[in-house]
Amino acid sequence: SFILVGIPGLEDAQFWIAFPFCTMYFVAVLGNITLLLVIKADERLHLPMFYFLSMLAAIDLVLTTSTMPKILSIFWFHSHEIHFESCVTQMFFIHSFSIMESGVLLSMAFDRYLAICKPLCYSAILTGPTIAKMGLAAAVRGIAIVAPVTCVVTSLSFCGSRVIHHSYCEHLSVVKLACGDTRLNNIYGITFATIVVGSDSILITVSYMLVLREVTGLSSREAYLKSFSTCGSHITVILLFYTPGLFSIYSQLWGQSIPTHLHILMADLYLLVPPMLNPLIYGIRTKLIRERVLSLL
């Protein structure tokens, strides 16, 4: 088994830090479940954009639930121990579902590109089977990338310290404890993180550049504001997801000057803030969802 420290340097404050963490976790779970139920119940929301939004909500639920209960138990009940199998399972879920979320965000950017730039082809291209295949592709890619590195971790020998200076079982933090040569793990992890995030973010950027070019040419002010508002919510969610994620990955390798507690705090918030804000952003900015939730209340 391993020992999860929590937030190194802030051990005395962890009890109080757990309260905002618990609040954000509660809001994330409630918001994403509400989003899933609203989309399922209202036939007006049975559209490609909302199907992708449902995938995003389901992924966010898995990401938060695979980490936050253990983090809260560390902060409140000093339950620092985690068995090796549980640690590897948690690591697999965190990394594979993060890659899946990136794939879904790319699919949502493609959806907005078609809706605004190719409206006549939209319904013909984004059919039910196509949406299902895109969701399946995102899931398969996440599993295919993370499964090999997870198998390699299970074959490593851990003969030294059992203390993981983190709040959860993150790949690089676990590999640091292994005996022998772990360069392959480090190279594999950073290479695929860079390729996935780099390729997805470039494609998302290109799609939104095309969308913004199309939007600025709209003659109707109402259509312009509506399109810009929809794209604005997507861009906000994308920035919330990628910025802390990249900071967490690269600061662990090359950010020796960054305080450890700041790095771990950002890594924790990376798995908590986007799942909490995604349903709020889409719920507030999407009229159909907002009306449905208000009618239920």
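Heads up, residue numbers simply count up from 1 along the chain you see.
Every residue gets a Cβ built from N, Cα and C, even glycine.
What TrEMBL says about a protein is an automatic prediction, not a curated fact.
Noted in TrEMBL for the protein shown:
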- 31-282: domain 'G-protein coupled receptors family 1 profile' (DOMAIN)
- 15-38: transmembrane segment (TRANSMEM)
- 50-72: transmembrane segment (TRANSMEM)
- 92-114: transmembrane segment (TRANSMEM)
- 135-158: transmembrane segment (TRANSMEM)
- 187-211: transmembrane segment (TRANSMEM)
- 223-242: transmembrane segment (TRANSMEM)
- 262-282: transmembrane segment (TRANSMEM)
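Recorded stretches compared: 92-114, 135-158, 187-211, 262-282; the one with the most Cβ pairs under 8 Å to the transmembrane segment (15-38) is 262-282.
Looking at 92-114, 187-211, 262-282, the range that has the most CB pairs within less than 8 A of the transmembrane segment (135-158) turns out to be 92-114.
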